[in-house]
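*Asks:* Below you will find the structure I want to go over with you.
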């Protein structure tokens, strides 16, 4: 959050936040839709697109109905209600009481802030679908997503950003390392393990993406949209936004370059999919640190996160033979974990100010401990809640499609359409 405090509308900040909101929406549609859609086989691309469109439509309604209130209301905290440890309250359901003259501390309308945060609620469940792509019923996915957003995302957003206990503890998550990436990435691993492998999945024999051009286009939209994601999280067009913009780009560039080099050394050829995956890993890892680290920290976070994420995708996944289809955990889960912890290492008062937080590299080991605690809490909560939701969905509408549907493709059987004419 910017240190600039205003009581009247700031048109410059408002214009920037509207643009940032649009940029974050581009991360979901078409960003994730194209990135994941290109990685699956052609018989399943429409299932990815439909799942993404569903998220954007339905989660937006949930957010306006009660999601924003649960995450950002102070009703329960103000009244001493013990439920304040879980959610904010119900007083802002359907954005009740938020008029055109409701202004945030940085001079932007609260309606703009609500819309900006809505985009974060959309992208988070969209990340999960990469783990169990090509084998999940649309009906099962619908129920899972609705329950997961309500039970997993909203409380976590409240804890970290809405005045909850993790925020009060001093955890730094500038733009969603815990709320978005750890939460979604860990949920992705749980779902991959619970749903099981694709029938034709074999460790050491990767299933080839059907359209790498789509993967590249999706990554491009993600890289572009992430500037709104990170630079917009300060809620103002100021120096903090400029620094977040800069370190986001540098960490991503360092990560993409590192993945290409590792790919070249290990596999003898630098690949487009590898470069795109590396870029996304860097984007994920810098997310929690974008408001507290400088260029040096961005370089280090980009490089370290890529090395670990590559190891998770190329070695650990093959060793333990779990089918995280599109590496949602390997990239988003591990990238988020690393980013959250490394924020406690590389945070610097050069960015946070003379009285701001700093990381272990600059002498504050306590901040690193806080980051570790917040990371562990996020992991445990996501594991428990996701597993329970999976069991509920599997016992009701079911999660996995029949073997014949999986073999012949979800597009025809689940949606009655084919992306390509033969």
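Glycine too: its Cβ is placed from the backbone N, Cα and C atoms.
Automatic prediction, not curation, is the source of TrEMBL annotations.
Pulled these from TrEMBL:
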| type | residues | note |
| --- | --- | --- |
| DOMAIN | 15-420 | domain 'Ammonium transporter AmtB-like' |
| TRANSMEM | 15-36 | transmembrane segment |
| TRANSMEM | 48-71 | transmembrane segment |
| TRANSMEM | 114-133 | transmembrane segment |
| TRANSMEM | 140-162 | transmembrane segment |
| TRANSMEM | 174-195 | transmembrane segment |
| TRANSMEM | 207-229 | transmembrane segment |
| TRANSMEM | 241-261 | transmembrane segment |
| TRANSMEM | 273-290 | transmembrane segment |
| TRANSMEM | 296-316 | transmembrane segment |
| TRANSMEM | 328-348 | transmembrane segment |
| TRANSMEM | 368-390 | transmembrane segment |
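For each feature listed, report its degree of burial, its nearest neighbours and the pertinent distances within the displayed model.
*Replies:* For the transmembrane segment (15-36), the residues of the chain that approach it from at least six positions outside its boundaries are 48-49, 52-53, 55-56, 108, 112-113, 115-116, 119-120, 122-123, 126-127, 129-130, 133, 214-215, 217-219, 221-222, 224-229, 231-232, 235-237, 241, 276, 280, 326, judged by C-beta separation under 8 angstroms.
Within its own chain, the transmembrane segment (140-162) has Cβ neighbours under 8 Å at 51, 54-55, 58-59, 62, 67, 70-74, 86-88, 117, 120-121, 124-125, 128-129, 171, 173, 178-179, 183, 187, 191, 374, 377-378, 381-382, 385-386, 389-390, 392-394, 396-400, counting only residues six or more beyond its boundaries.
Panel annotation: around the transmembrane segment (207-229), residues 19-27, 30-42, 45, 120, 123, 175-176, 198, 200-201, 245, 248-249, 252, 272-273, 276, 279-280, 283, 287, 325 of the same chain, lying at least six beyond its termini, place a Cβ under 8 Å from a Cβ of the stretch.
For the transmembrane segment (296-316), the residues of the chain that approach it from at least six positions outside its boundaries are 246-248, 250-255, 258-259, 262, 266, 277-278, 281-282, 284-286, 289, 327, 329-331, 334-335, 338-339, 342, 345-348, 359, judged by C-beta separation under 8 angstroms.
Non-local neighbours of the transmembrane segment (328-348) in the same chain are 127-131, 172-174, 177-178, 180-186, 188-189, 192, 277, 280-282, 284-289, 292-294, 296-297, 300-301, 304-305, 308-309, 312-313, 316-317, 357-362, 364, 367-372, 374-375, 378-379; each lies 6+ residues outside the stretch with a CB under 8 Å from one of its CB atoms.
Residues 144, 147-148, 151-152, 155-156, 159-160, 166, 169-173, 178-179, 182-184, 186-187, 190-191, 194-195, 337, 340-341, 343-345, 359-360, 399 of the same chain sit 6 or more residues outside the transmembrane segment (368-390) yet have a Cβ under 8 Å from a Cβ within it.
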*Asks:* State the non-local partners of the transmembrane segment (241-261) in its own chain: residues 6+ outside its ends, Cβ under 8 Å from one of its Cβ atoms.
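*Replies:* Cβ under 8 Å, 6 or more out: 2, 16, 174-175, 223, 226-227, 230-234, 270, 274-279, 281-283, 285-286, 289-291, 293-295, 297-299, 301-303, 305-307, 310, 351.
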*Asks:* For the transmembrane segment (174-195), what are the same-chain contacts with Cβ under 8 Å, counting residues 6+ beyond its ends?
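*Replies:* Residues 120, 123-125, 127-128, 130-132, 135-136, 144, 148, 152-153, 156-157, 160-161, 166, 229-230, 233-234, 244, 284-285, 287-292, 322-325, 328-329, 331-337, 339-340, 343, 374-375, 378-379, 381-383, 385-387, 390, 394, 399-400 contact the transmembrane segment (174-195) from elsewhere in the chain.
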